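**Student:** The structure under discussion is supplied below as structure tokens; questions concerning it will follow.
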Amino acid sequence: MRCCSWIRFYVCIKPKLFFLSLIPVCMTNCPTLIVTVGLPARGKTYISKKLTRYLNWIGVPTREFNVGQYRRDFVKIYKSFEFFRPDNEEGLKIRRQCASAALNDVRQYLTEEGGQVAVFDATNTTRERRETIIQFAEQNGFKVFFVESVCEDPDVIQENIVQVKLGSPDYTNCNTEEAVEDFMKRIKCYENSYETLDEVLDRDLSYIKIMDVGQRYLVNRVLDHIQSRIVYYLMNIHITPRSIYLCRHGESELNVKGCIGGDSGLTPRGKEFAKKLNQFIQEQGISDLKVWTSQMKRTIQTAEALCVPYEQWKVLNEIDAGVCEEMMYEEIQGNYPLEFALRDQDKYRYRYPKGESYEDLVQRLEPVIMELERQENVLVVCHQAVMRCLLAYFLDKTAEELPYLKCPLHTVLKLTPVAYGCKVESISLNVDAVNTHRERPEVGVTTHTHTHTHTHTHTHTHTHTHGQYNSPTFGEVCFIPSGTSTQPLFWRGEVQLMSGKWKLRFYLAETNVH
């Protein structure tokens, strides 16, 4: 997958054999353009935002392009539905300009900024409009996947208008009745020209049609892994009101010692928290609450105090610290100084020796996210790293922010999905506990220059900057210096696409960490 992180590589350049094709070709791993289809108030923007959040969370660089926002930026003051009338030539011209501007930004994002998926959020209700988008994608070497939302339930449409559209800048100075009436007339402007995706006429297109908020689905020509994940995700989400409760286990014995990982039991304060958690859940008055835990002792002991059935999930186990399990940070720094420093450089992607990274943990937790999207009210009793990953999904946090999210012991986070996001309430149960949060470190930067002569009889002068790794080191090339008693020198190379140009860098690995 093409992205902006550094990637490992080996380079072999042969004279006269190097060439560059300037013709866009849609390869297997080419960028994907997701195109929404549907009348207003059918949940297209809701779907677009959730899909963008999910794909970014699993590591697929994705951005949403909402044509309605382009229109609001262009036309500062919205007057009425008259702007959307099909016979309003001025309005039609502006809307086409906005769509064109959005597609230009899509092109830049997918070709120059390292994007892998772009979500083009607009009505796209006519076959002519969709054909224009298909031609645009073909010219740029993008795959196209359509997502159509069809809903004829007047109650659902009315609810969507009241919950979402009334908060739009278009209706800032309108009362509810006026806004609803205007928006219903806006919908009418699209209805006569609406051409839904057709099983026969559009049989060659890749798409999913979502009918009546997930009551039925029609899926056609899923062509690759990304499209299959999109379909799987969209078939799991729902809009039923619910709350998700996240909390860590009660304070454990290893928490008090300042050690990471392990499988210790609760301290007396941890057991007190478990009792308070029972009282808190009873006060919430949720009869159908499901409780999930990991398979580790401290979460199970916490859940047992609730006196309700609970499910154990192995995938909810804490991040595997490998050789650093049950060690204090001071011990890790003393015994594995290089590993300690590398983790500070990129905490999200750093993997403990024989253990896991946060990036690994996100992939492990994807089934949990899918099931949370399917469920209604759930309490997840988990661990610090696990809770950070789950919280990052619901709050749309970046990979850089995720490892430093604060998830204190003896605190419950109540997440309530709302229109385009998630409402968060933090409830402390007032039981003292140790603080296990480690702030983002201040990394000092020092520069050293190394000069080495190799058996190739030429000299390399190289600048190595400590504290500036963008990711764990890789792509080693070994050179044997002259003399049999000298250790091999390991050079590493990395390449990154930045601002449309490939940039190359080499640096010396001072030790062979393998």
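The backbone N, Cα and C atoms fix where each Cβ goes, and this holds for glycine too.
Please treat TrEMBL annotations as automatic predictions, because they have not gone through curation.
Dumping what TrEMBL says about this protein:
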| type | residues | note |
| --- | --- | --- |
| ACT_SITE | His249 | active site, tele-phosphohistidine intermediate |
| ACT_SITE | Glu318 | active site, proton donor/acceptor |
| BINDING | Arg248, His249, Gly250, Glu251, Ser252, Glu253, Leu254, Asn255, Arg298 | substrate binding site |
| DOMAIN | 27-241 | domain '6-phosphofructo-2-kinase' |
**Student:** An 8 Å radius from the center of the Arg248, His249, Gly250, Glu251, Ser252, Glu253, Leu254, Asn255, Arg298 Cβ atoms defines the neighbourhood of the substrate site; name the other residues of that chain inside it, in order.
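**Tutor:** Apart from the listed residues, the neighbours are Ser264, Gly265, Leu266, Thr267, Gly270, Leu409.
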**Student:** Max Cα-Cα distance in Å among Arg248, His249, Gly250, Glu251, Ser252, Glu253, Leu254, Asn255, Arg298, the residues listed as binding substrate?
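**Tutor:** Roughly 14 Å, rounded to the nearest whole number.
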**Student:** Would you identify the secondary structure of Leu254 (substrate binding site) according to DSSP, in three states?
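**Tutor:** Looking at the DSSP assignment, Leu254 (substrate binding site) belongs to a helix.
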**Student:** Whole-number answer please: how many Å between the C-alpha atoms of Glu318 (active site, proton donor/acceptor) and Leu254 (substrate binding site)?
**Tutor:** 13
**Student:** Tell me, how many other CB atoms lie within 10 A of the CB of Arg248 (substrate binding site), whichever protein chain they belong to?
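**Tutor:** Looking across every protein chain shown, the total is 29.
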